[in-house]
Amino acid sequence: MGLSLVCTFSFQTNYHTLLNPHNKNPKNSLLSYQHPKTPIIKSSYDNFPSKYCLTKNFHLLGLNSHNRISSQSRSIRAGSDQIEGSPHHESDNSIATKILNFGHTCWKLQRPYVVKGMISIACGLFGRELFNNRHLFSWGLMWKAFFALVPILSFNFFAAIMNQIYDVDIDRINKPDLPLVSGEMSIETAWILSIIVALTGLIVTIKLKSAPLFVFIYIFGIFAGFAYSVPPIRWKQYPFTNFLITISSHVGLAFTSYSATTSALGLPFVWRPAFSFIIAFMTVMGMTIAFAKDISDIEGDAKYGVSTVATKLGARNMTFVVSGVLLLNYLVSISIGIIWPQVFKSNIMILSHAILAFCLIFQTRELALANYASAPSRQFFEFIWLLYYAEYFVYVFI
């Protein structure tokens with residue numbers, strides 16, 4: 001029986017990588033073709049008879065595989081010609097990929113669920129006032145409102161970077177997918193980015209001709225974001241200051257956004273019933289977020305001596321506290337809709353909060369079934385942020 005020895009060539013150019021850069025297993029590439037029934041004969045460089053074949057493996061193939069090999073060789077040559085003929089496209093794609101990857105890393109770094117929360121506050125408060133005063137709408141106003149988001153997002157981004165820089169060891173246990181832990185971004189780059197972000201927010205705040213009060217609030221917010229994570233102050237290591245800062249950030253941001261909204265629209269700052277309701281509701285919700293954010297971090301916090309309410313109560317008890325307080329918040333909201341129909345739109349108040357309460361009960365049950373593991377606990381925390389966004393959406397129409 002006629003046999004042919006076919007070896008896999010290994011040139012300086014690694015063709016199987018060029019043809020498929022994501023192929024982690026070269027044995028599956030075109031250059032490692034093996035007939036399903038063909039045995040592989042191991043050989044060393046010393047024993048191999050040809051000086052041109054550099055691999056240690058060669059395949060003993062029957063003549064009936066000749067057509068497959070020829071077809072394979074043509075495919076390799078065609079792929080090689082295509083690769084060699086498009087160096088500029090590779091360069092362009094490489095630059096574009098790096099930019100996209102850096103943007104994605106920054107997005108992960110600034111905690112997407114918090115960014116969405118900041119945007120929901122601004123859009124909810126601004127949207128309600130504009131909804132009730134449609135005659136004030138203008139594209140110039142919308143453009144100004146868009147730029148007003150920059151200081152808010154800058155403050156959040158700065159605080160997130162500081163927190164992750166000084167929590168790298170803890171996050172290796174609690175959140176190994178974060179950019180600084182996984183190595184997607186270096187600590188040096190994170191520091192440079194934090195300075196750029198803080199200065200950008202300050203410049204935009206001044207350029208918007210904001211009142212001195214708002215400039216002071218922004219500067220204080222940057223200081224609070226720094227003091228929250230950076231030793232020796234590190235407010236987050238003390239349960240009371242950790243709790244107080246978290247609540248203050250939510251309530252203070254709502255107050256600041258409402259004040260900026262009324263100022264931009266030329267409206268007086270009035271404590272209307274709806275605004276009083278959302279401030280009270282978000283004060284309670286800020287408490288639940290302050291508690292819930294530590295449930296998934298219990299293991300890492302306990303290992304590094306960070307004392308939180310969650311580490312003292314445990315994941316199960318902490319989850320019931322969070323869910324219980326939030327359910328009470330929803331029941332009070334439903335009661336307000338029933339008692340004061342002349343002030344609030346009762347149908348929206350009752351129905352929306354009943355639906356959100358049901359969703360909360362369902363998610364609490366799902367976490368219990370998952371035995372309060374770290375990953376499901378983190379998903380539960382992000383679900384509470386979904387409830388946060390939803391409340392500001394409901395606020396527009398109550």
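Placement of Cβ uses the backbone N, Cα and C atoms for every residue, glycine included.
Annotation comment: Swiss-Prot describes 1-77 as transit peptide.
The transmembrane segment annotation in Swiss-Prot covers 141-161 (among others), and the record cites sequence analysis as its basis.
According to Swiss-Prot, the transmembrane segment annotation covers 186-206 (among others), on the basis of sequence analysis.
Residues or ranges marked as transmembrane segment in Swiss-Prot (evidence: sequence analysis): 213-233 (among others).
The transmembrane segment feature in Swiss-Prot is assigned to 251-271 (among others); the stated evidence is sequence analysis.
Sequence annotations record features per position, and here Swiss-Prot assigns transmembrane segment to 273-293 (among others).
Here the transmembrane segment (320-340) has long-range neighbours at 273, 277, 281, 284-285, 287-288, 291-292, 295, 313, 346-350, 353-354, 356-357, 360-361, 364, 384, 387, meaning same-chain residues at least 6 beyond its ends whose C-beta is under 8 angstroms from one of its own. The transmembrane segment annotation in Swiss-Prot covers 320-340 (among others).
Under the heading transmembrane segment, Swiss-Prot lists 342-362 (among others), citing sequence analysis as support. Sequence-remote contacts of a segment are chain residues at least 6 beyond its ends whose Cβ falls under 8 Å from one of its Cβ atoms, and for the transmembrane segment (342-362) they are 273-274, 277, 323, 326-327, 330-331, 333-334, 336, 387, 390-391, 394, 397-398.
Per Swiss-Prot, transmembrane segment is recorded for 378-398 (among others), and the stated evidence type is sequence analysis.
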Per the definition of 3+ C-beta pairs under 8 A with sequence separation of 6 or more, do the transmembrane segment (213-233) and the transmembrane segment (141-161) touch?
yes
Proximity verdict for the transmembrane segment (186-206) and the transmembrane segment (251-271), three or more C-beta pairs under 8 Å:
no
